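If you check TrEMBL, you get these features:
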type	residues	note
DOMAIN	67-485	domain 'Major facilitator superfamily (MFS) profile'
TRANSMEM	63-80	transmembrane segment
TRANSMEM	102-121	transmembrane segment
TRANSMEM	133-152	transmembrane segment
TRANSMEM	164-183	transmembrane segment
TRANSMEM	195-216	transmembrane segment
TRANSMEM	228-250	transmembrane segment
TRANSMEM	303-322	transmembrane segment
TRANSMEM	334-353	transmembrane segment
TRANSMEM	365-386	transmembrane segment
TRANSMEM	392-413	transmembrane segment
TRANSMEM	425-446	transmembrane segment
TRANSMEM	458-479	transmembrane segment
Amino acid sequence: MSATTKSHGDCTKVVDVQNIELTESPSSHHHPDHNNALRPPSWIAALSPAERQDLEKKLKRKIDWRLMPAVLIMYFLNYIDRNNIAAAKLANLERDLNLSSVQYQTSVSILFVGYLLMQLPSNLFLNKFGKPAIYLPCCMIVWGTISAATSACTSVTGLYVVRFLLGFVEAAYFPGCLYYLSCWYTRSELGLRTAILYSGSLLSGAFSGLITAGVVSGLDGARGFHAWQWLFILEGSATIFVAFACFFVLPNFPRTTSWLTEEEKSLAVWRLEEDVGVDDWVGGEKQTFWQGAKMAFTDFRTYVLMVLLFCIVASGTVTNFFPTVVQTLGYSRIHSLLLTAPPYVLAVIVTFANAWHADKTGERYFHIAVPMCVAIVAYIIAATTTHVAPRYLSMMLMVPSVYSSFVVAISWVSNTMPRPPAKRAAALAFINAVGSFSSIYASYLYPNSAAPHYTVAMVVNCVTAFVAVCAATAMRMILSRQNKRLARGEWVDGAINVEGFRFKL
């Protein structure tokens with residue numbers, strides 16, 4: 001089948017069924033395009049509801065066990081390698097490289113310059129290349145090597161170069177993996193799987209302090225290396241080892257995965273098509289680099305979601321300096337590193353619970369707005385008291401609230417822009433890249449001189465959390481109006497204009 005054209009009044013839509021590209025030139029009149037009935041493969045149509053449910057459960061279990069542990073461990077190491085410089089600071093990185101406070105802050109922020117620049121090109125390339133099982137582990141090997149090479153830095157210039165390159169290569173992973181998951185799971189399943197992925201970063205926050213405490217107490221000076229050098233060597237080496245293992249574990253896309261039977265491939269593809277009404281990833285030759293980007297950039301909802309994600313990430317930049325913030329409680333270096341773990345452990349639990357409930361109910365807005373309101377309270381407490389108990393309580397609240405909100409918000413992007421795949425890939429990368437921009441300036445909000453309150457940083461975090469709630473409210477109102485138009489049979493730009501499709505609110 002090549003292309004069909006349907007004309008209704010003055011609104012024309014061309015649907016290229018093989019290329020899965022949409023060309024729209026609507027005016028906003030009624031568009032009764034909802035008579036495009038979906039036709040499942042005959043063997044799926046012949047199944048009873050109980051048989052279909054049983055087969056889907058087995059398929060999801062098979063995919064989950066191959067895909068989710070691998071992407072979780074990969075993201076754990078991605079985040080470890082990105083943020084271990086914060087732990088290295090407590091292992092005397094500043095002293096040994098003779099860094100000023102501003103130079104250290106710049107070494108933190110410069111990573112995000114490379115991280116921001118590479119996300120969109122990387123996702124568009126991944127969409128075109130169509131082999132995430134090769135692309136993502138290759139990127140992982142490179143960034144693991146760069147991370148380990150940080151141990152050889154002897155000057156601030158070398159540290160800047162290594163950190164920039166690390167961000168440039170690491171940029172491939174998180175937005176690429178978000179797109180990757182959206183090619184395997186339906187919209188109602190994506191929130192929980194995103195939470196599983198993101199728990200890798202939370203676990204890295206919990207274990208980073210523990211690992212650093214062990215390295216500082218046991219390896220400082222061993223074989224002539226400082227503790228911070230051992231930190232980069234060990235964590236970078238672990239990344240390389242896991243990357244090689246992932247070559248043999250990760251699947252590509254549903255149509256191109258060798259360890260699925262033909263029936264399982266057919267069911268995996270049909271589930272996604274049934275979810276939104278059109279097919280998903282077909283093949284690299286069917287995907288265009290720039291048409292997807294153009295469709296994302298001309299959809300005004302991209303910019304509302306961009307503000308939402310930017311503000312959530314901006315309010316959560318405190319996690320980039322969490323060991324330093326925890327140290328203001330006044331405990332020893334080792335105890336401070338150990339105290340970084342409990343907030344992240346709680347964050348894993350809260351994030352899973354929030355994402356699971358969001359998927360179960362199909363609701364997005366309150367699962368984003370409520371945690372951000374908790375974050376506002378946490379930042380106010382942190383900025384206004386020096387007492388240990390309330391300050392540590394604020395730290396226990398700020399990490400879970402920001403992360404649990406972010407996970408649901410990022411899945412909202414995939415829910416809102418499900419097809420075509422090139423548009424979804426571009427939107428995820430662009431929105432995540434702009435969100436990362438806040439990490440460039442954030443390091444300058446946490447100079448040593450601002451301890452223990454870090455008042456300016458906490459005020460900025462508080463304001464951006466409030467703006468995130470406002471952006472989420474605006475997004476819900478927009479999607480609610482568009483759902484009403486879809487229910488009336490009107491054409492909606494950027495929607496999947498088939499019977500039954502509605503945006504998640």
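Here the Cβ of each residue, glycine as well, is placed from N, Cα and C on the backbone.
Simply put, out of 133-152, 164-183, 228-250, 334-353, 164-183 has the most Cβ pairs sitting under 8 Å from the transmembrane segment (102-121). Same-chain residues lying 6+ beyond the ends of the transmembrane segment (133-152) with a Cβ under 8 Å from its Cβ atoms: 74, 77-78, 81, 84-85, 122, 125-126, 158-159, 162-163, 165-166, 169-170, 172-173, 176-177, 180, 225, 228-233, 235-240, 242-244, 246-247, 250-252. The highest tally of CB pairs under 8 A with the transmembrane segment (228-250), across 63-80, 195-216, 458-479, is held by 63-80. In this chain, the transmembrane segment (425-446) touches the transmembrane segment (164-183); three or more CB pairs sit within less than 8 A of each other, excluding pairs fewer than 6 residues apart.
Across 63-80, 195-216, 392-413, 425-446, 458-479, stretch 195-216 shows the highest tally of CB pairs under 8 A with the transmembrane segment (334-353).
A mean pLDDT of 89 is what the model gives for the domain 'Major facilitator superfamily (MFS) profile' (67-485). Of the Cβ pairs linking the transmembrane segment (195-216) with the transmembrane segment (63-80) and spaced 6 or more residues apart, 3 or more are under 8 Å, so the two regions touch. Residues 308, 312, 315-316, 325, 350, 354-355, 357-358, 393-395, 397-398, 400-402, 404-405, 408-409, 412, 452-455, 458-459, 461-462, 465-466, 468-469, 472-473, 475-476, 505 of the same chain lie 6+ residues outside the transmembrane segment (365-386) yet bring a C-beta within less than 8 angstroms of a C-beta in it. Note on the transmembrane segment (392-413): residues 178, 190-191, 194-195, 198, 201-202, 205, 305, 308-309, 312-313, 315-316, 318-319, 322, 325-326, 329, 339, 342-344, 346-347, 349-351, 353-355, 358, 364, 367-369, 371-372, 374-375, 377-379, 381-382, 427-428, 431-432, 461, 465, 468, 472, 475, 504 of its chain, located 6 or more positions outside it, place their CB under 8 angstroms from a CB of the stretch.
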